[in-house]
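Colleague: Here you go, one structure.
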């Protein structure tokens with residue numbers, strides 16, 4: 001049976017529980033332990049698939065097609081472990097399962113209640129991860145903040161969980177905040193004390209405290225927290241604000257987090273191997289020349305909507321010894337002001353995924369600009385569909401061409417609905433989701449970047465390239481460099497004669513890892529680097545042509 005670690009959070013939301021869980025996973029894996037991490041989300045949605053990116057941020061897609069919280073992306077990237085739909089649990093999915101069981105008569109006419117039925121379902125979900133993941137340690141992050149009404153069933157479930165396993169098979173970690181009060185010139189422990197008191201009132205005594213702070217925590221404060229909160233002094237772990245999320249595992253290792261957890265779980269503290277991770281952080285802190293990358297999107301007001309895209313760009317920059325100079329460009333602003341003013345000076349352009357018509361014309365204009373100005377371009381999902389529409393309108397003479405999603409009366413639906421989607425009514429969980437194979441055409445840029453003939457990529461879409469336009473597309477100078485194995489679905493396209501112009505129907509950002517960047521992102525950054533000035537004179541010239549009004553954030 002695996003060991004179980006539960007991570008809760010107090011005082012404020014967005015305190016970093018996900019990064020703590022992912023970092024602990026990385027530290028345990030560096031000692032030879034298999035780890036699986038799951039997230040318990042307290043919202044009533046069955047999954048985040050139908051939620052607005054402005055409310056929830058990115059929807060991360062697992063190999064088996066689950067639409068999950070963005071924290072699962074952190075878990076996968078830090079542990080380099082593929083997770084499944086078992087690793088994402090919401091209040092909505094719990095209630096849905098319990099109600100379905102009640103309708104089937106599984107409860108033999110009993111009164112169905114939060115306790116024991118809801119909490120039992122939650123516990124079963126956690127045990128299921130342990131039984132199906134081959135993990136030595138299962139880490140569970142509980143979403144929300146201690147004290148929230150929504151989180152109470154989950155907290156009660158993990159309290160009950162202690163009765164399911166042995167005393168040495170479970171550990172509770174509480175992430176809290178030590179705010180600095182400028183007028184008094186000191187860090188305050190009272191919010192942490194009250195948060196732990198709230199957790200204790202539920203019946204959970206934390207074994208370790210991760211104390212977030214923007215400045216060092218001295219021994220006197222640690223002793224005070226230890227005394228008031230009932231934890232060992234060594235179990236009060238400072239977690240100072242970090243320059244990068246990838247430096248957090250190293251910082252927590254230095255503070256003894258993994259050693260304390262292993263001691264609580266009665267596991268051997270094997271030799272830790274973090275050499276590659278340390279090299280990664282060193283390269284991140286000591287980058288080469290910067291590359292300006294514009295992300296042209298429709299949800300740029302909330303950067304978390306494109307979290308995996310940003311991390312994939314960062315991984316590629318680390319690998320290529322480059323510094324990422326990221327510019328958020330609102331697609332609708334391009335519609336108002338034009339591409340030239342907003343994109344001049346960019347070394348690469350990424351057009352990520354999305355849904356609906358808002359901002360699409362701005363994305364298409366950005367793609368046209370990248371094509372004509374020979375600026376490296378990478379399109380993802382909707383970004384590929386926009387690249388096809390741009391081709392049809394500007395190179396094939398099909399002025400009214402668009403996607404069937406955007407205009408069902410268009411005479412030229414160069415992007416149309418997948419056949420299997422024709423009769424789909426529900427929105428949630430019904431797209432083409434999860435991993436599918438892609439066969440690459442030999443001697444194409446895509447095949448050279450991957451170095452493989454067949455690759456497996458994660459998808460999330462309802463619409464596809466319309467094969468009625470395939471021959472015209474190829475005759476116009478484009479190459480279809482990747483398709484489904486049967487050749488029916490267009491997965492990857494590229495433009496001949498362009499330094500780097502490629503787009504894919506899938507989401508390569510979900511497979512990028514620190515130290516193992518995705519080939520398409522790595523290729524994009526390499527192409528961007530080829531544009532960098534090679535001499536002081538060229539650098540001056542590049543500075544002069546950059547727009548003086550260029551902003552890093554154009555919401």
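Each Cβ is built from the backbone N, Cα and C atoms, and glycine gets one as well.
According to Swiss-Prot, the protein has these features:
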- 381: active site, nucleophile (ACT_SITE)
- 13, 188, 189, 190, 191, 192, 193, 224: UTP binding site (BINDING)
- 14, 15, 16, 17, 18, 19, 71: ATP binding site (BINDING)
- 354, 382, 383, 384, 385, 405, 462: L-glutamine binding site (BINDING)
- 540-555: compositional bias 'Polar residues' (COMPBIAS)
- 532-555: region 'Disordered' (REGION)
Colleague: Using CB atoms and a 10 A radius, I'd like the single residue among the binding-site residues 17, 188, 190, 224, 462 with the highest neighbour count.
Modeller: 17
Colleague: Just counting, how many other CB atoms are there within 10 A of the CB of residue 384 (L-glutamine binding site)?
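Modeller: Residue 384 (L-glutamine binding site) is surrounded by 27 other Cβ atoms within 10 Å.
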Colleague: Give the helix, strand or coil assignment DSSP yields for residue 15 (ATP binding site).
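Modeller: Going by the DSSP assignment, residue 15 (ATP binding site) belongs to neither helix nor strand, so it counts as coil.
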Colleague: Mind telling me which of the binding-site residues 13, 14, 189, 192, 385 has the densest Cβ neighbourhood, counting other Cβ atoms within 10 Å?
Modeller: 385
Colleague: Among the binding-site residues 15, 19, 382, whose Cβ has the fewest other Cβ atoms within 10 Å?
Modeller: 15
Colleague: Which residues, in sequence order, are found in the same chain with Cβ within 8 Å of the centroid defined by the Cβ atoms of 354, 382, 383, 384, 385, 405, 462 at the L-glutamine site, excluding those residues themselves?
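Modeller: Leaving out the recorded residues gives 353, 355, 381, 386, 403, 415, 461, 463.
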Colleague: Out of the binding-site residues 192, 224, 384, give me the one sitting nearest to residue 18 (ATP binding site) by CA distance.
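Modeller: Spatially nearest to residue 18 (ATP binding site) by Cα position is 192.
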Colleague: Here the binding-site residues are 191, 354, 383; which one has the lowest number of other Cβ atoms no more than 10 Å from its Cβ?
Modeller: 191
Colleague: Pairwise over 13, 188, 189, 190, 191, 192, 193, 224, annotated as binding UTP, what's the top Cα to Cα distance to the nearest Å?
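Modeller: About 24 Å separates the two most distant Cα atoms.
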Colleague: For residue 405 (L-glutamine binding site), what is the tally of other C-beta atoms lying within 10 angstroms of its C-beta?
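Modeller: There are 19 such Cβ atoms around residue 405 (L-glutamine binding site).
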Colleague: Since the record lists 16, 18 as binding-site residues, which of them has the fewest other Cβ atoms within 10 Å of its Cβ?
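Modeller: Among the binding-site residues 16, 18, the sparsest Cβ neighbourhood within 10 Å belongs to 16.
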